[in-house]
Amino acid sequence: MLLVIDVGNTNTVLGVYHDGKLEYHWRIETSRHKTEDEFGMILRSLFDHSGLMFEQIDGIIISSVVPPIMFALERMCTKYFHIEPQIVGPGMKTGLNIKYDNPKEVGADRIVNAVAAIHLYGNPLIVVDFGTATTYCYIDENKQYMGGAIAPGITISTEALYSRAAKLPRIEITRPDNIIGKNTVSAMQSGILFGYVGQVEGIVKRMKWQAKQEPKVIATGGLAPLIANESDCIDIVDPFLTLKGLELIYERNRVGSV
């Protein structure tokens, strides 16, 4: 079995693959201060609840956009699983030709998403990931990672509105009954949700115009279904795109793989 770990700024998503199929998945809060033993105990609890044993895991791969957490995670893997994990980064086989000015600047999550999207949905593609930041990645017809855009995530923007405007409350990010809000909460929900729908549609439209192509648009991340329900510009929502990409990259970099 393969353990895949995707460390984001807000949440860490973990999954277990067996024979190429995602059998289990969990989401925990990302903490920069946990030790390898604390991570080990969290994994022990998740595994016990799912009827799994550490000894069943024979491979681990990690992608992370939070460097301070990596030392503890790597120590956890070697101490509790007795496995040296693969770490997504420069030098790994991905099949991507990255056309960024400095390819090392491209986040591991964006690379992993691109690998999965190409494999599953073909190319050209735009991949939109609704995470702590909302990222847009353009992959052309030759599987070249051409670049993209990075915007503040929906949750960040919502929290900024609450924390910087004294009379505005903290709200749930959900669809309001009306676009024209009749109270403060519904007005904020309308502005946040439909403002982001407009952002997605605007950036996707401009990327297509610049590339002079009609790529598929793949969305992932916790709020992807909410946005996709309000916009025709998103073709496919894949909530496990990153975990699928990690499994693919692991297989391409196994000892003995071609």
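Heads up, the Cβ atoms here are built off N, Cα and C, so glycines get one too.
Annotation source Swiss-Prot lists active site, proton acceptor at ASP109. According to its DSSP assignment, ASP109 (active site, proton acceptor) is helical.
Marked as ATP binding site by Swiss-Prot: ASP6, VAL7, GLY8, ASN9, THR10, ASN11, THR12, VAL13, THR132. Taken residue by residue with DSSP, THR132 (ATP binding site) is part of neither helix nor strand, so it is coil. The Cβ neighbour count for THR132 (ATP binding site), using a 10 Å radius over every protein chain in view, is 19.
Annotation comment: Swiss-Prot describes TYR100, GLY107, ALA108, ASP109, ARG110, THR184 as substrate binding site, evidence class similarity to another entry. Here GLY107 (substrate binding site) comes close to VAL65, THR135: these same-chain residues lie at least six apart in sequence, with C-beta atoms under 8 angstroms from its C-beta.
ASP129 (K(+) binding site) has a Cβ environment of 26 other Cβ atoms inside 10 Å. If you look up Swiss-Prot, you'll see ASP129 marked as K(+) binding site, on the strength of sequence analysis.
Proximity note: of the listed binding-site residues (GLY8, THR10, THR12, TYR100, THR184), none has a CA within 10 Å of the CA of ASP129 (K(+) binding site). Distance between Cα atoms for THR12 (ATP binding site) and THR184 (substrate binding site): 33 Å, as a whole number. In this structure, THR184 is the one among the binding-site residues THR10, THR12, THR184 with the smallest number of other Cβ atoms inside 10 Å of its Cβ.
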